[in-house]
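> Handing you this structure, nothing more for now.
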Amino acid sequence: MTRLTHIDDQGRARMVDVSDKAETVREAIAVGFVRMTPETLALAITGAGRKGDVRAVAEIAGVMAAKKTADLIPLCHPLALSKVEVSVEVAEGGLAVMARVKLKGQTGVEMEALTAVSVACLTIYDMLKAAEKGMVIETVRLVEKTGGKSGAWRAE
């Protein structure tokens, strides 16, 4: 059975001690999607929404969120990230969000990538909610990670 690393032998939550782990280059990619009507998508594409350029603001929000992950997720380590790249692209039925996060360190950046995507999606919703309250944030997930003891992993 797999042991949960954030739970000690007494069942209490704890931050994992990474001091003995090797420093390696670690990277994670996460994705998400905000489904919306064609009319709302047109507002996002043209930047004609009431709050400005939806895609640009969401990308910046995602970068900021990745840097704040340790403040939002209780047992995450504060990390000196070397790269955070967030993109918001037009796709059929909505906006596709992707975050790529990288560092050289002792712990992975999966949570930073997932946090970046989640906050970018929430920002898209916030900026367009005046036009459509029924937007759906979906499929937020990790699609790839490299580095560290467990090595590379890719979603199927």
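Just so it is clear, glycine is given a Cβ too, placed from its N, Cα and C backbone atoms.
What Swiss-Prot records for this protein is below:
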BINDING   LEU75, CYS76, HIS77, MET111, GLU112  substrate binding site
ACT_SITE  ASP126  active site
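Describe the structural context of these features.
Cβ neighbour count for LEU75 (substrate binding site) (all protein chains, 10 Å cutoff from its Cβ): 13. According to DSSP, LEU75 (substrate binding site) is assigned to coil rather than to any helix or strand.
Cβ neighbour count for ASP126 (active site): 14 (other Cβ atoms within 10 Å of its Cβ, all protein chains included).
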> What are the other residues, in sequence order, whose C-beta lies within 8 angstroms of the center of the C-beta atoms of LEU75, CYS76, HIS77, MET111, GLU112 at the substrate site?
THR69, ALA70, ILE73, LEU79, THR107
> Where's the emptiest Cβ shell within 10 Å among the binding-site residues CYS76, GLU112?
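Per-residue Cβ counts within 10 Å for the binding-site residues CYS76, GLU112 bottom out at CYS76.
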> Which of HIS77, MET111 has the fewest nearby Cβ atoms, counting only those within 10 Å, among these binding-site residues?
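Selected from the binding-site residues HIS77, MET111 on minimum Cβ neighbours within 10 Å: HIS77.
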> Between CYS76 (substrate binding site) and ASP126 (active site), find the distance joining the two CA atoms and give it rounded to the nearest Å.
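Rounded to a whole number, the Cα-Cα distance is 26 Å.
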> Taking the residues the record says bind substrate (LEU75, CYS76, HIS77, MET111, GLU112), how far apart in Å are the two Cα atoms that sit farthest from each other?
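With LEU75, CYS76, HIS77, MET111, GLU112 as the binding residues for substrate, the largest Cα distance is 12 Å.
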